[in-house]
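Annotated active site per Swiss-Prot: GLU22, in sequence order. Positions annotated as Zn(2+) binding site by Swiss-Prot: HIS21, HIS25. The annotation domain 'PDZ' is assigned in Swiss-Prot to 121-203. Marked as transmembrane segment by Swiss-Prot on the basis of sequence analysis: 1-21, 104-124, 314-334, 373-393.
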Amino acid sequence: MMFALGIVLFAIAILISVALHECGHLWVACATGMKVRRYFVGFGPTLWSTRRGETQYGIKAVPLGGFCDIVGMTSVEKLEPDESDRAMYKQATWKRVAVLFAGPAMNFVICLVLIYGIALVWGLPNLHMPTRAVIGETACVASELDQGKLGNCTGPGPAALAGLRAGDVVVKIGDTTVSTFDDMAAVVRKLHGTVPIVFERDGTAITSYVDITPTQRYMSKGKGSQLEPATVGAIGVGAHHLLPTHYGVFSALPATAAFAGDLTVEVGKALVTIPTKLGALVHAIGGGQRDPQTPMSVVGASIIGGDTVDHGLWVAFWFFLAQLNLILGAINLVPLLPFDGGHIAIAVFERIRNLIRSARGVVVAAPVNYLKLMPATYVVLVFVVGYVLLTVTADLVNPIRLFQ
């Protein structure tokens, strides 16, 4: 029940984010003297509408987005006689850019507001990858009976018997130097018998010997392959996890800005790798193991939202929504039509071109003919639609689940 509720709530949150994105365009367009004919949430048949002033507001039947119909976005649009002077393409460049940027800006504002709220209520995590193999705890070695399910074990584990304890930093195991906990775990899984281990405690290097215990773990034999039981080495240690940092009303402001900056860098890295993940998506659709690092659609995002609510992880719900808004804003600034960034690029191009022409004593050129750009726009749309269909299919047949 809570899982279904979470899906619905996250889908509604996405729709609200899209509606606010369009509100950004609407508000700035009206503020700069442009005419907005229609503002609608959803597509398809109209369920409800009302007119306020010169703008018609409404809700349509298919809740998969929204639109803001600004008069004269392009020079090829047909205008009424009283609309000509207020056409968007005739306005000053700064006004056009402001209107176009306002949509993505709303997504960024939503992201910042959510991060600020998380900082106050739950605290902010550290997004930076660990650079040392810090031991968080030691324990006995339990066999993984099923995926994510460990058996019982008692007594100290090999690491504890070798003298390791929480807070120690492992720098070398066997003949291999390690820099992160994941590096160390990968090395241990391949070893057996008694091996030397070097760790630091209070700045002092200590060498000991640890008995690698063979145990069962569910492992992937290759990228995207199914998890299968395998016998690997283990020493009974857990990673050190940094607790979220809590902030006050004022201290949360710079913390939010810093965290948003770090998150932007991480999101940028993820977006750049999307083309390399498409093969893994196709593999997942065919029945292979779904890589949790593969891109997802709003369907997959809603499923993740359902998982977070089902397990009471509201902080993850809001954080994921903040991240999604950051992604939506960034994608919309891509300088290609039909994205907002494509329209911004055209407005800036026209301004630079006309400045050069004016400097040469030549009359300004006509606005860019969008009809000539339609072939390129269609190419982008084909890729976008194909990407959406691919991710939606993967999310329906083999979704990413947080707790399975």
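Cβ coordinates come from backbone N, Cα and C, glycine included.
Given the structure is predicted, the values throughout are model-derived calculations rather than measurements.
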Most Cβ pairs under 8 Å to the transmembrane segment (1-21), of 104-124, 314-334, 373-393, goes to 314-334
Among HIS21, HIS25 [binding-site residues], residue with fewest other Cβ within 10 Å: HIS21
Which three-state DSSP class does HIS25 (Zn(2+) binding site) fall into? helix
State the non-local partners of the transmembrane segment (373-393) in its own chain: residues 6+ outside its ends, Cβ under 8 Å from one of its Cβ atoms. 278, 281-282, 285, 295-297, 299-300, 336-339, 342
Please report the number of other Cβ atoms within 10 Å of the Cβ of GLU22 (active site). 21
Taking every residue in the domain 'PDZ' (121-203), the average pLDDT works out to 87
Summed over the domain 'PDZ' (121-203), the DSSP helix, strand and coil counts are 14 helix, 28 strand, 41 coil
